[in-house]
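Pulled from TrEMBL:
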DOMAIN    65-181  domain 'VTT'
TRANSMEM  48-65  transmembrane segment
TRANSMEM  77-102  transmembrane segment
TRANSMEM  129-154  transmembrane segment
TRANSMEM  161-182  transmembrane segment
TRANSMEM  188-208  transmembrane segment
Amino acid sequence: MKLAAKLFFIAVLLGVIFAASFELWGAKLELLFSQEACAQWFDQIRTWAWLVGIGLLIGDILLPIPATGIMAALGSVYGVWMGGLIAVVGSAGAGFTGYGLARLAGEKGARLLASEGELMRFKTVFDRWGGWGIIVSRILPILPEVMTILAGLARMDLRRFSAALLLGTLPTCLLFAFLGHASKGDPGYGVFLAVVLPLLLWPIFLLITKKQRVESGDLTKPIAEGGRACD
């Protein structure tokens, strides 16, 4: 199986797993942690709400917690800047957790999915193009978790990963904190935008990733030839 096909299979598999978890528990968690519910809850425990919000956002790497609703609730309670920065800590924490867990699987775990030569090409491609995918994916549903895990499996350079993660996370968190703050009097408005906005950005992400797949396919050819020569 070619490297591109394996990467596609892994990405789809991860997406299916996260989508299945959302199908099983997403509706209940959506009601429990909606923007309106979280804003009321956070307002009651304002002293510790920031810590709860960070914990919930980190938990999003494993559970289908509505992260955008939590970001909006933090903005509603703490304001745009403070709420946004708290959300950045939680959302980036989730990203580093997914990346770290995937790296902990080690090369042995990764080699179950690909050969040593394929892993080298995977790392080269991801180091060069994965950053854009991580940046864009932060505002979309499901993909943030998928991209951070793929980055860990690819053993993407930590500095590159950190830069991409923060570049994508900061504006996303500030945006939803702003929406939460702006819709304080009418939470339904913020909920609508928090759900619809990521979906509207899907076509843009698909266009970018399609272009990257074409370019990365050309870039991996000389690497692949070099790998075969070494073998």
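Just so it is clear, glycine is given a Cβ too, placed from its N, Cα and C backbone atoms.
Heads up, TrEMBL stuff is auto-annotated, nobody curated it.
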In the domain 'VTT' (65-181), how many residues does DSSP call helix, how many strand, and how many coil? 100 helix, 0 strand, 17 coil
Check the transmembrane segment (161-182) against the transmembrane segment (48-65) for contact, please; criterion is three or more CB pairs under 8 Å, pairs 6 or more apart in sequence. no
Six or more residues beyond either end and a Cβ under 8 Å away: which residues meet both conditions relative to the transmembrane segment (77-102)? 39, 42-43, 46, 49-50, 53-61, 67, 70-71, 134, 138, 144-145, 148-153, 156, 161-162, 165-166, 169-170, 172-174, 176-178, 180-181
Where does the mean pLDDT land for the domain 'VTT' (65-181)? 83
